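Some notes on the structure that comes next.
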Amino acid sequence: MYLSLLLLFSVLWQETLAKTPTNPLLWFREPCSPTDSPYHSGLRGRNGIYWGWNPDIERGDNISMINRATGHPANASTVSIFSQINSPSGFDGHQLLRHLSEIKRTGAALIASVMPNGLSFNEVTPAIAADIANVVRQFTDQGIEVWLRFAHEMNWYVRPGTYRGNSTQFIKAWRTVHSAVKDIEGCMMFWCPNNAKTMDLYDEWWPGPEYVDIVGMDIYASKTTANFRNIYGGFYEAYAKRYRKHFVIPETATKPDTAELKQSWLKALASDDLSAYPCLKSISWFELRKSFDYRVVMGQGNDVMKKSMGNFRG
């Protein structure tokens, strides 16, 4: 009897370990504490902020290639990948799952940007939410921490019709997804609007603090005078500090893509002292070529690479 109970306990313990992030970054961490615990082994700026990349997957890049290209001993702390829900009939997450083994090898947390492109907010049913949860569990069961950035930039994507619906319908969809994933060990809901002209324009899209674990905002710097305070300060105060939420920049670079501007913005985020913002935990650079060449690592010469990587801890 004793041996049977011991074996059962051992099996349950192993299952618990398997579903707990093996290299936790935000999981277990106090949202607005400056204490760096638990320690994560990934890449960090000279200012201590954890750092990751959005790989140019459509052009064949991946996070392992970026890690090698940096020449840095630490792997990226995060990898950001986009995945579309193309139909109200279901979501299989293949754009995420094909990278599962690679992400596990690197030890990065996954920023999963799940975009409801092929259905309206009203069509995000419990069944769709269950599909999303199933995909998330396949990562967390392998010890990979997931920051679920559902319907990011919702306040922007409704304008051209990429997302369909209004803020009330978005909040309902968000809460439906939250209900499906809230008990998954290692999954955190990440609310991330696009930059808006005034703070009140965010409020109508806010799902409520009890439904959000991480807050952040997408914006691209356009001047060399840009810094964290004058770009993110108001949003940080309104949502991260007020509600004691982790603050993460999941996607940023510069427009235009001049070398001077990119290096200035990179330094402002990775080297400048940001200790006045203890909720800020992680930043991910948009390492892609689209309308601009946003990259600071891939395809860059030795001099540019040396300057870029000089912003990170050795």
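These residue numbers are counts, starting from 1, taken along the chain as shown.
Just so you know, glycine gets a Cβ as well, placed from its N, Cα and C.
Here is what TrEMBL says about this protein:
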{"type": "SIGNAL", "residues": "1-18", "note": "signal peptide"}
{"type": "DOMAIN", "residues": "1-314", "note": "domain 'GH26'"}
{"type": "ACT_SITE", "residues": "Glu153", "note": "active site, proton donor"}
{"type": "ACT_SITE", "residues": "Glu251", "note": "active site, nucleophile"}
Q: Would you count the other C-beta atoms found within 10 angstroms of the C-beta of the residue listed as 'active site, nucleophile' for me?
A: 26
Q: Could you pull the average pLDDT for the domain 'GH26' (1-314)?
A: 94
Q. Around the residue listed as 'active site, proton donor', which residues of its chain at least 6 apart sit with Cβ under 8 Å of its Cβ?
A. Cys192, Pro193, Asn194, Asp218
